[in-house]
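Have a look at the structure below before the remarks.
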């Protein structure tokens, strides 16, 4: 997976005569994997839409995502000695989201003009994007599993085990994501299209490889994490519903928002990609109107997915009691001039409660 402008074969109406003289053409998404005997559809409208929409969207997500996840990382690192297992996963999640949005300015330039950064940076940027795309989804699954064990089974897997257990889990997640990104190091390259007189960062492999990569993206980057989150949070809700207290009600609202946000952000994109893949495989009829609609839908829905990187700080940190208390403590430590900072600094008893690892407080204190 790379941002949508890099997954589309650019084509102008002026090239139609050229294509009629050639019996084969790389039909599809900016990769050289599909050959057909009929010329592709003009993509002037979808390309113009991308040149306007994607740079603005990517720039906005870059600023918001870097700022929000940067704040989360700074606040968590300010009290490293007191980090719980969930806090550690949140820290890695913030790093993953920040690194993902860090590549968006490069893809914004690619969408607005062309790829001007060479094949080396093309491979690195594509791999970095995908590593952190997979890491974000898998770390969310780790957080849900950790909370499931803590609340449903009252088991502190990481707290009671060796201190390196959570670190090894994170290393395993990053290693798996690096493995998933190997196709980017191998097949991504900067390619110049003489007909368009433009260069773009694109994949270069057969259609079968492209389909396999999409299946990997769908299963490892969406379906499996979503199933883990849905199962774990459904069991958590079953426990919380039979309990009472305002704290647990807040926890119940939070776990519902977590799953809904992930599903709403990424489900539309994967549905559109599924339709596009079925069109590539011939299972769905391809026509110019449908192709243009799918191209635009991929751009819009992928933007919705990337927005999840900006939502994570809000859902997992700013909504959490423990994070807000840590943030005020950090502001006081840095010498916040506003008297309200001192007024909102938590008392010792409140800090002790929110840092506890009991079944009730450990989740609501996220």
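Note: Cβ is positioned from N, Cα and C throughout, glycine not excepted.
For reference, Swiss-Prot has these:
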type	residues	note
COMPBIAS	355-366	compositional bias 'Low complexity'
DISULFID	122-201	disulfide bond
CARBOHYD	22	N-linked glycosylation site
CARBOHYD	30	N-linked glycosylation site
CARBOHYD	197	N-linked glycosylation site
MOD_RES	25	sulfotyrosine
MOD_RES	27	sulfotyrosine
REGION	341-366	region 'Disordered'
TOPO_DOM	1-55	topological domain 'Extracellular'
TOPO_DOM	77-88	topological domain 'Cytoplasmic'
TOPO_DOM	110-124	topological domain 'Extracellular'
TOPO_DOM	146-167	topological domain 'Cytoplasmic'
TOPO_DOM	189-221	topological domain 'Extracellular'
TOPO_DOM	243-254	topological domain 'Cytoplasmic'
TOPO_DOM	276-299	topological domain 'Extracellular'
TOPO_DOM	321-366	topological domain 'Cytoplasmic'
TRANSMEM	56-76	transmembrane segment
TRANSMEM	89-109	transmembrane segment
TRANSMEM	125-145	transmembrane segment
TRANSMEM	168-188	transmembrane segment
TRANSMEM	222-242	transmembrane segment
TRANSMEM	255-275	transmembrane segment
TRANSMEM	300-320	transmembrane segment
I'd like to know if the transmembrane segment (222-242) touches the transmembrane segment (89-109) in this structure, counting it as a touch only when three or more C-beta pairs sit under 8 Å and are separated by 6 or more positions.
no
Length of the line joining the Cα atoms of residue 122 (disulfide bond) and residue 197 (N-linked glycosylation site), in Å:
18
Including all protein chains shown, what's the count of other C-beta atoms within 10 A of the C-beta of residue 197 (N-linked glycosylation site)?
9
With pairs 6 or more apart in sequence, are the transmembrane segment (300-320) and the transmembrane segment (56-76) linked by at least 3 Cβ pairs under 8 Å?
yes
Which value does the mean pLDDT take for the topological domain 'Cytoplasmic' (243-254) in this predicted structure?
67
Using the structure shown, find which entry in 122, 201 (the disulfide-bonded residues) has the sparsest Cβ neighbourhood within 10 Å.
122
Within the topological domain 'Extracellular' (276-299), how many residues are helix, strand or coil going by DSSP?
17 helix, 0 strand, 7 coil
Six or more residues out from either end of the topological domain 'Extracellular' (110-124), which same-chain residues have a Cβ under 8 Å from its Cβ atoms?
3, 5-6, 50-51, 54-55, 58, 184-185, 188-190, 198-201
